[in-house]
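According to TrEMBL:
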COMPBIAS  1-15  compositional bias 'Basic residues'
REGION    1-52  region 'Disordered'
COMPBIAS  24-36  compositional bias 'Basic and acidic residues'
DOMAIN    53-131  domain 'RRM'
Amino acid sequence: MGLREKKRNQRRVLARRSAAPRSGDGKDFLPLEERPGKKRAREEPEEPENTSTVLYIGHIPHGFYEDQMQGFFQQFGTVKRLRIARNRKTGKSKHYGFIEFENPEVAKIVADEMNNYLLFEHTLQLELVPPEKVHPKLWKGVRKGFVPIDRVAIERKRLSKDKTIEEHKKLVDRIVKRDEKRRKRIKAAGIDYECPPLIGSVQPSAKKIKFNED
């Protein structure tokens, strides 16, 4: 085959290739955003508007009480109310509490910025409390502050009140029983000791007073 024949064959091949329809010609294509079978990107739902103004505070350190909390959190905004859970008998802190701000945006900022904040070697735990989960009695008596129960005064009043004859008799019976047990223990220990008698253990019987009808 000569040089001329080779050139003719090359021209024929090129002509056939140019005449043949290309893959995809004559087809209608849809835009990329409307291509069938392709999932559209999901639109992220908008965050609901925050209406919570109450915050839960956990891991409260010792010494960080109502006055200290009021002064510390006032730098963010106006504090309406706050409460620290305390033991009813001793008045000691249970290391958690609640605080309420006037503005819900301030409460959201405090929850985001102060959560896991290190204070006096304690990591504060802050969380927004939804309005529907706030207990109706959460702020009951918060204006008065914590008033510890005076157990000593209550017991003093109980012991100092006038007793009836029956109550006095029961009291004397308990004292006599304890004294008898004490005497038995002393005797069982081999100690020769004569315990003094109890004065007033025997109560005189009540006298009946008769009134003349005249």
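For all residues, glycine too, the Cβ spot is worked out from N, Cα and C.
Please treat TrEMBL annotations as automatic predictions, because they have not gone through curation.
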Three-state composition of the domain 'RRM' (53-131), taking helix and strand from DSSP:
20 helix, 31 strand, 28 coil
Over the domain 'RRM' (53-131), work out the mean pLDDT and round it to an integer.
90
